[in-house]
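Novice: Mind looking over this structure? Questions follow.
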Amino acid sequence: MMMRKPDITTIRDKGKPNHACGGNNNKPKLRKGLWSPDEDEKLIRYMLTNGQGCWSDIARNAGLLRCGKSCRLRWINYLRPDLKRGSFSPQEEDLIFHLHSILGNRWSQIATRLPGRTDNEIKNFWNSTLKKRLKNNSNNNTSSGSSPNNSNSNSLDPRDQHVDMGGNSTSLMDDYHHDENMMTVGNTMRMDSSSPFNVGPMVNSVGLNQLYDPLMISVPDNGYHQMGNTVNVFSVNGLGDYGNTILDPISKRVSVEGDDWFIPPSENTNVIACSTSNNLNLQALDPCFNSKNLCHSESFKVGNVLGIENGSWEIENPKIGDWDLDGLIDNNSSFPFLDFQVD
């Protein structure tokens, strides 16, 4: 006896209701898509009368063939009376930046903190405007942070300039031009052995920072000790008129011609002045040198007398003074013409 296979169509349609046999077909079909003005008026009238509640009940009670979600979105995004229109204010933009840095892309939570704005509106405004502005600002900050390094790279080469302690920048090439004539004097300076002089008031106006005592003059430690166009620098008592440009017979001050003044270190020998000019005839005051010329017009080597070697003027602490008078007089007995007045 053969078994018949069951009909596949019968099994497939077994669980479905038979509409022809009086099945439940009374459920209305909901609408989708755009809202009509009539639907908007029904929803507004019901919401202003009854307020918010369950959106599925609102759709049914308002006589709308819409689902609850569609009614909620239509009311919140378009129909509520407190809805703001137009562009965002600068205060709202700052608040969106702040809330987005905390909440991220949680637009519904951000919208609850901006009255009158919807989450969809805030999201669209962020993606279209604020996100690009934030990216541009970050790029500008990155470029501005790298610009100081570029400006520092354009600064002058330290081999071409040096800066003294006073903040003045001078060129090394100018110093090299004065290398050979650094110790020259405008005219010959001669000292009369019969004229006494005082060491104390030797320097009255040198343009230095401080003058502690008559026997010591401290010069700022800036490598090259330059004092510019200085006239009537040294005041020497008892010296007569020894030249038109060396000694002033009225004020008894030593004035030299030239642009730059340099003071070498002189701790063992009394040296009056040095300047840049054409002729050089520098004489020491110590009689043990017998008024010997220390330099000539082209090159010189002063050695221990001035603390200079091969025309180099890079000195640490140049001074005029700090003599031990007792030891100096004991070692040099031939000082009858020098009258040192010490207070």
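Even glycines carry a Cβ here, placed using N, Cα and C.
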Novice: Check each of the ranges 107-130, 179-202, 275-298 against Swiss-Prot and return the one annotated as DNA-binding region.
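Specialist: When 107-130, 179-202, 275-298 are checked in Swiss-Prot, DNA-binding region belongs to 107-130.
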Novice: Counting by DSSP secondary structure, give me helix, strand and coil numbers for the domain 'HTH myb-type 2' (80-134).
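Specialist: Residue counts for the domain 'HTH myb-type 2' (80-134) by secondary structure: 36 helix, 0 strand, 19 coil.
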